[in-house]
């Protein structure tokens, strides 16, 4: 099915009022495009390291929205023009130019799946999408099935590969594992498959926690969804999944377990790893490892300094493409 895309040009000053007017006309799914600089608070909510280049703010905003039924278009144009005329008494609405284009209806949530194929992380670890068949398999292969849904973590990204390889290198069988920012659960699953006795995974996104549970089930690993008010039992052979913010919530950290883990992994972003490094040691036993990844190379030194500042010993720094992973150790005391 084809949709009609309408683009309305206005000013950044008037954009909120114009959007309210469009909503009053029954228009939903509004997208605003402008060059207004991103605030520090917005940067935090975006969870990205590299910000888009917006160019100089020209005071112009474009509001995009979509129509399924073209028959509604003539009357809608009239209503929009009338609404703009009313707003002109209060604010500069700009040109009010309305342009029309056509776009195909696509399954944007699932289209990426056609590009996600089975692949090898190394000689023995194979990542396979749940919807794909594995044509070749060696007896020694450890095959992990993943459907990340909308959560991060197919295993294909350099940051995830770095974590997987470091888990394989440093984690001992029988370890207690904590995965902070678990995403799809891929690192938790691989950790358990490589011999972790117990595993706890946490993410600030409830959807990620749900995706992790589903992927644990697919890989025939026992996993339970825990409330943020629950306390971890760290039952042998079981994965416990929490949602919440361990950086800000001291009570949650206590419930997950202090001084309890041999191995902590965090494949997130540099701007989150830095404050995490101040509290992650609370989870760790003396001599435990902290593997961080998701660090863009331009921020690697900043993360390294934060980890050292919080009393860790850096064992190894590995890179892949533009990304860095840091293996750190809590001193034995």
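Just so it is clear, glycine is given a Cβ too, placed from its N, Cα and C backbone atoms.
Going by what Swiss-Prot states, the S-adenosyl-L-methionine site holds 160, 181, 267, and the candidate of 141, 203, 243, 249 recorded there is 203. Of all the Cβ atoms in the protein chains shown, 26 others lie within 10 Å of the Cβ of residue 160 (S-adenosyl-L-methionine binding site).
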